[in-house]
Amino acid sequence: MPGSASSRDSSATPTFPVAPVTATRRGRLDEVVRLVVGSASMRRGLPAARGGERANLGRGGPMTGGQPHTADQLPTIVLVGLMGTGKSTIGRALADRLGRDFLDSDRMIEARTGQTVRELWEAGGEAAYRPLERAVVVAALGAEDPVVLAAPGGVVEDGEAVRALQRGAAVVYLRTQPETIAARLGGEVTHRPLLDGEPEELLSTLFARRDAMYRDIAGVVVEADGLPPDAVVEAVLDALATGGS
Ligand SMILES: Nc1ncnc2c1ncn2[C@@H]1O[C@H](COP(=O)(O)OP(=O)(O)O)[C@@H](O)[C@H]1O
Ligand SMILES: O=C(O)C1=C[C@@H](OP(=O)(O)O)[C@@H](O)[C@H](O)C1
Ligand SMILES: [Mg+2]
């Protein structure tokens, strides 16, 4: 079964240099995140419920719920969720807004191994792939400045990666229904070998397994279903600005 529980604590973690290979320097915004607090979704009056449940940011980390935060106070922001939920798309835009580097775990793995996700998966399967995911998560969390990280979809399958996230990142779950993702992705399963076959059915199985796991590690759950990317970015910024309260 994809994402089997046995993969949560698999073998040795490959070591990668900490320096982000795929980072794109966006230029730092020094000002307090007025753009966060005065974000467009608030101005547009999007219903708060779409913007996410308010919960403690960075469970197990330094953040406390209910406190407003500035960009500089936020630790590394990690987007988690099913494949196709928008981690890469939203993460890039979010990093742009915050003037941070953006790291995409899939791209990091490909840059560091010289192989595509599919090639890696086909050569070694899940057992070989999860330690690579763990390694890039650990590397991203070790970056000198806080970044925005699009986590591997399977981050919750690896206990060590989860523990690393719980040491201080602001973890945001982008929650989208599997049927929405399947319709969105169509045949776009290139780096998603887990979706070979019947994507909607496979996504539903993954959602049933992982929804609670993503919730469990996230400080903020953003209900992204049906929202266009810019509204999801605003919802994430809103949730981060209010400390998930
Ligand atoms: N909120 C959204 N609404 C509609 N399409 C989206 C949204 N977020 C992402 N997409 C599209 O869905 C696809 C998968 O997004 P991606 O960012 O690659 O997801 P992930 O990194 O979580 O696998 C891309 O084609 C992207 O343009
Ligand atoms: O959820 C998963 O287990 C996976 C998600 C994919 O990344 P995206 O979430 O960026 O699609 C990719 O790493 C691999 O196919 C496994
Ligand atoms: Mg991605």
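Keep in mind that glycine also has a Cβ here, set from the backbone N, Cα and C atoms.
According to TrEMBL, the feature region 'Disordered' maps to 1-22 (among others).
The feature compositional bias 'Polar residues' is assigned by TrEMBL to 1-11.
Marked as compositional bias 'Low complexity' by TrEMBL: 12-22.
According to TrEMBL, the feature region 'Disordered' maps to 46-71 (among others).
What TrEMBL records for G84, T85, G86, K87, S88, T89, R192 is ATP binding site. Around the Cβ of K87 (ATP binding site), the same chain contributes L79, V80, G81, D104, A150, A151, G153, L174, each under 8 angstroms and 6 or more positions distant in sequence.
As annotated by TrEMBL, substrate binding site applies to D106, R130, G153, R210. Around R210 (substrate binding site), a 10 Å sphere centred on its CB holds 22 further CB atoms from the protein chains shown. Taken residue by residue with DSSP, R210 (substrate binding site) is part of a helix.
Other Cβ atoms within 10 Å of the Cβ of R192 (ATP binding site) number 19 in total over all chains. Counting only the Cα atoms, the space from R210 (substrate binding site) to T89 (ATP binding site) is about 21 angstrom.
The maximum pairwise C-alpha distance among G84, T85, G86, K87, S88, T89, R192, the residues recorded as binding ATP, is 16 Å. Taking the mean position of the Cβ atoms of G84, T85, G86, K87, S88, T89, R192 as the ATP site, the remaining residues of that chain whose Cβ falls within 8 Å of it are G81, L82, M83, I90, A150, G153, L174, I181.
According to DSSP, S88 (ATP binding site) is assigned to a helical segment.
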